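Student: Below you'll find the structure I mean.
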Amino acid sequence: MGLLIQLLSARVGVATGRHLAELCREEYPTWAGRLLWLMAELALIGADIQEVIGSAIAIKILSRGFLPIWAGVVITASDCFIFLFLENYGVRKLEAVFAVFIATMALSFAWMFGDAKPSGRELLIGVLVPKLSSKTIRQAVGVVGCVIMPHNVFLHSALVQSRKIDPHRKGRVQEALNYYSIESTFALLISFMINLFLTTVFAKGFYGTKQADGIGLVNAGQYLEEKYGGGVFPILYIWGIGLLAAGQSSTITGTYAGQFIMGGFLNLRLKKWLRALITRSFAIVPTMIVALVFNRSEASLDVLNEWLNVLQSMQIPFALIPLLTLVSKEQVMGVFKVGPLLERVAWTVAALVIVINGYLLLDFFMAEVDGVLFGFLVCAGTALYVAFIFYLVSHGGALSSTWFSLVTSKRFGFIGS
């Protein structure tokens, strides 16, 4: 699902020469465009809180507790500007920084994977025959939000424009799309392996144990060291290095995405440093509040982290539906409009994500809502959420026409038989 969405995002950027936020501003009325921007910003803030807090925890681990979480937040927020400054020397320099972070993360978690010595047979079975307990629905939905991050849908349509491609030359556009398909597939394969390493290490060490209920981002390093020992290079610091690399790369990505989202939706024409400062401030203020409030409560920080994943998952339709609407329009895409089969698959993915989120909302309502006033607010918020999704779908018209043609063709086939 993540690969499909990333490829469609790249397709929009290459074929039109503009990124998704700019196209949404032109496609939708002002009120809907502003609401889409607000939803994108909410998802971005949620992601940024996780990424900055993750980096801050890594800094605390690597400094042996000398630097508290709030200090790590300040350091992470500041060094982000230093890395973005590299863009002035060319986007390739920034890409090189990302490559170093990702390689560091991959090597760190691969080292931990080697130390854990998991069963290859059980691992293969788990990949090919996945099983999920109904008790873990919140975490499962959160994983969807982690993989298909809404702000990255906007970002990818902008990043592909770092290569100068004339959208009027069909051969060059198709060539670029082919190369981006290879690039995206390779990138997501690496992402899959990193997540596989990390999940396997914790599953091997703690699944079915009493400690499993108490493990979170803050104390994971200590649990790993107790389980797997120190060794030549203690696993606690390997975890810290990997976590820092993950947090730093994600934070820079979030800041980069924020510039395109705000600039595209609001049509801002600001200097890069000022735009970066504004977008960084949007996220860093709530992050600092979270760091100060949850600094002494590890359990609360982990619960917040889960709900921030869920927040991102719930924002996916507001990036995905506009993307599918635009990529299905001949007026926007020209000859690079997606075909009927791919369109149906893409809308099926969107419908699946929306159904997953609907289940989550129902689960939340049944488990968490207590009291008439809170129940009314949740119901009202849910109604507005669903209504906006229906508006976006009806505005595009692609879903209804695609599935109507599919249903009618099946119906007539049944009557004929």
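Here the Cβ of each residue, glycine as well, is placed from N, Cα and C on the backbone.
Positions annotated as transmembrane segment by TrEMBL: 61-84, 96-114, 140-159, 186-207, 228-246, 277-295, 307-324, 345-366, 372-393.
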Student: Under 8 angstroms, Cβ to Cβ: which one of 186-207, 307-324, 372-393 has the largest number of such pairs with the transmembrane segment (345-366)?
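Tutor: Ranked by Cβ pairs under 8 Å, first place goes to 307-324.
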Student: Could you pull out which residues elsewhere in the chain have a CB under 8 Å from any CB of the transmembrane segment (186-207), counting only those six or more residues past its ends?
Tutor: 2-3, 6, 102, 105-106, 109-110, 112-113, 115-118, 123, 127, 147, 215, 220, 223-224, 227-228
Student: Any residues 6+ beyond the ends of the transmembrane segment (96-114) with a Cβ under 8 Å from its own?
Tutor: 83, 86, 190, 193-194, 197-198, 200-201, 224, 228, 233, 235, 238-239, 241-242, 245-246, 248-249, 252-253
